[in-house]
């Protein structure tokens, strides 16, 4: 058995078991600390470099035979044993609390672990060189007896506490089983012990479980802008179980042939469903904002309408009570003209009210500081109007249709509402400087002014709502588009390195650190490739991928790429680079032995560029170029900048061009050649087999274009940071020179200028929006200055 251990991007440890008995059978066990352990059929993304814990596991577990997998007692602890007797190693998984993964020897002495912890209750320290206490695992206990349940458990429980909370510390079952036990005990049987026995039966079934698995789904309605349209349904995975419990019988569920497949499916769809749920929340937020705009406009219009009704009613009440209003105005004016004190005027009004004077009773408040009085006015003709309305209704023909009856009912309700408003006394402010008619006219003028304002508000509200509706539709469309792009986005194997594609369509990769330098040379440097390096400690290793093995003229661009990171660059053939050191010497990680002549490269300007490559749909490309011959393809590639100079053009180059090319040619046959040892070649082949590049690697560069056509079907965009001359034929590019701007802000500035370009299509804008800020600036050097022809114009917009 060969065991290979990798880190995946979900912060777990991925263990791959390959059995020699069945060469074609490969089993992948996925472990996430504190969360899950299951076999998987999906290809999970791996981290660029394994963690220290994964490296330690590789050291001890590689080529070990898997002996058994067992649970320690009834705790959520799994013991995976590799090897036998004194050569055994144990990988112990704690699937509770914050989780842990612990590597021990045959005596359970801890060799390495993910998380140091101290169990204070058990006085145990979980650390390296300490013994893991497997004997402390909780053993299986018999069912709770009736006497213990009544005398001990119930007596210690607090009043009003839930039954499952009381029983959970005393049981070895999960929360789902506790819930079904409580539901069953109250719904079917009054005896709690029968429910306990049923739950125990479930636990016994799981000892040698080979049944089915179930995923419980959660249904959410997608909001719609049109109320008449049927709401779409979004189904997401909520939880998984080995049995379909009674509390989930009415819920939507998906059945699988095994519990392992259910768990694998659940976690494999988690990331994509997170994107769907995030998109749903964004849609709900956008529609909620639109609904708030609509509600705000309605409330504003309702307030204006109410103000008109109040002003109209006040004006009518003043007209209906002209005699009382005029008399009140005369009395107060007369008192003020005689210079009567304000407090004395108030006392006079109170005395008149006590004497039941109708005018004084109508005055409710004196606002002499503002030259107003407040009067309580009512409709004096309310009784007669009611009688007339009843007579009118009585004269209606009895044979009226059902629809007319409905209309009359509505009109009657409106009249009743109007009657209530008129019948109810209303407080009216009356101006002492105006007559009764003038006060009524003032309220009518206010009502007309409010009506005009309402009309203008309606017109403005319609425009504002249409604008908000259009913006919401655009937001919903962008959310769906960005989500679909993020799902389709494929991370290529070379994106973990510094990389770019030269103008001759060669892939050039360079390491970010010493570990990546080691990986690039050991796994990706192959026959025909060119190695570019610099005489500087810690300088990056740069490899020009050249599968054809023909002479490569992209070295000058690789030199520019390398020169940003180091100096004194030189070019080597792949046979001149070796990990084999002379006797007595040790090569550290990322260091290699160079043999033979170094071809130094001339100095260059530090001018980098930032642009975008677009992933074109391969099927569309095949249909588009199926009738294209080799000559047409060469002409098109020349126009697109995806191919190097033709052979005829190379032959026409002058003497100066030949001298420049001589500096970057491969080493001549008379130079010292190094033949790699057989063991090293075999080792490198094994590494290449394990770290195989993308299966469609030959088509990767063909499907990426920097100059998309209008009829191309673009799937996603990939940001590229490269020497500016390599981006000369890109549609979207900016120049980067040493400056003071941070790389994150520089990348956003560049994307903003691209999105505001006149030739940018809607699809390209969507692709730009879908890219995360961290992906934009990942390969960009720090402290730069962005330069582009339309940059200033884009900033002013």
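Heads up, the Cβ atoms here are built off N, Cα and C, so glycines get one too.
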Feature region 'Disordered' in TrEMBL, mapped to one of the ranges 384-420, 421-457, 458-494, 495-531:
384-420
Among 218-262, 263-307, 308-352, 533-577, where does TrEMBL put the label coiled coil?
263-307
Which residue range, 579-638, 639-698, is the one TrEMBL calls region 'Disordered'?
639-698
Need one number: mean pLDDT over the coiled coil (263-307).
82
Could you give me three numbers for the domain 'NFACT protein C-terminal' (698-787), the DSSP helix, strand and coil residue counts?
35 helix, 25 strand, 30 coil
